[in-house]
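**Q** Input: one structure, supplied below.
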Amino acid sequence: MQILLANPRGFCAGVDRAISIVERAIEMYGAPIYVRHEVVHNRYVVDSLRERGAIFIEDIAEVPDGSILIFSAHGVSQAVRAEARARELTMLFDATCPLVTKVHMEVARASRKGKEAILIGHAGHPEVEGTMGQYNNPKGGMYLVESPDDVWKLNVKDENNLCFMTQTTLSVDDTSAVIDALHRRFPKIIGPRKDDICYATTNRQEAVRNLANDADVVLVVGSKNSSNSNRLAELAQRMGKPAYLIDSAADIQESWLQNAKCIGVTAGASAPDILVQQVIARLQALGAVGSVELRGREESIVFEVPKELRVEVKQVD
């Protein structure tokens, strides 16, 4: 039994930046540091930061005056941002992924111009809630769609004054189908110059396509609430391969590997490499011999942390 590793996999630049912001804030200012929502959707990361002194909250009212607050990588609405600024906080840091901020700016621009905006995304996801919350023009409208069926059921005020944008962590294939439906339903709708689905999501889905071509079973390291990790498992399943989303090596069931000659392993954009290494070790303990990393797209994007946090911090294992 051989192990095939998808490439690229694991942390993206936005996740790396968000985690660094929390780590550096703890290092510079000391615990506790308050974070609105899980900074990224990974149980291992959140538990590790909690052990170091991060306190994850959903309501800013839970944050005591004089505290330091960080927004998660998923972004927040204008209302949440205004609420935080009205509080007597010592410091406020924004760990929103810059690629999510780009979508926020598209929505805010549409709101200012009075255009109606349609967001392709998953209801209830914090990124979607934050993005929808950038629109505040009562004369226009902001709508959420998840599928082509939603598009055909949608009622807007002015079909000639529409634009759309997307959540950054969607299935490339599913989103393409929704965009096609939007163009058929609303021929004059305007979209972003470049797809809002981020480079990391696109690259990891492409890597899973390559992986699933050769693997008998695919293991995706990522938490259940991670949108991009779920999309990786779904993609492998659509390609006809058994695929399992796992938080850690402890989740692996031997029955999944029966008769498998090649096990594919990848990781969502919020899953650290240590979890992948533990999965490899577990598979080797179950009889896998060696691992091979597939060729894939090189990623060199780096997002800077806020200037107030640009100091050397201790390396944490």
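Quick reminder: no glycine exception, Cβ is built from N, Cα and C everywhere.
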**Q** Among C198, C262, which residue does Swiss-Prot annotate as binding [4Fe-4S] cluster together with C12, C97?
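**A** [4Fe-4S] cluster site check in Swiss-Prot: besides C12, C97, the record includes C198 out of C198, C262.
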**Q** Need a hand: Swiss-Prot gives H41, H74, H125, S226, S227, N228 for isopentenyl diphosphate, which of S20, S147, S255, S270 is also on that list?
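**A** Looking at S20, S147, S255, S270, the one Swiss-Prot places in the isopentenyl diphosphate site next to H41, H74, H125, S226, S227, N228 is S270.
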**Q** C-alpha of C97 ([4Fe-4S] cluster binding site) to C-alpha of S227 (isopentenyl diphosphate binding site): distance in Å?
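**A** Rounded to the nearest whole number, the Cα-Cα distance is 15 Å.
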**Q** For the binding-site residues H41, H74, H125, which one has the sparsest Cβ surroundings, going by other Cβ atoms within 10 Å?
**A** H125
**Q** Would you mind checking how many other C-beta atoms are within 10 angstroms of the C-beta on S227 (isopentenyl diphosphate binding site)?
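**A** For S227 (isopentenyl diphosphate binding site), the count of other Cβ atoms within 10 Å is 24.
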**Q** I need the neighbours of the dimethylallyl diphosphate site defined by H41, H74, H125, S226, S227, N228, S270. Which other residues of that chain put their C-beta within 8 angstroms of the C-beta centroid, in sequence order?
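**A** Checked against the 8 Å cutoff, the neighbours are V40, E127, T169, N225, S229, G268, A269.
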**Q** What three-state class does DSSP give S227 (isopentenyl diphosphate binding site)?
**A** helix
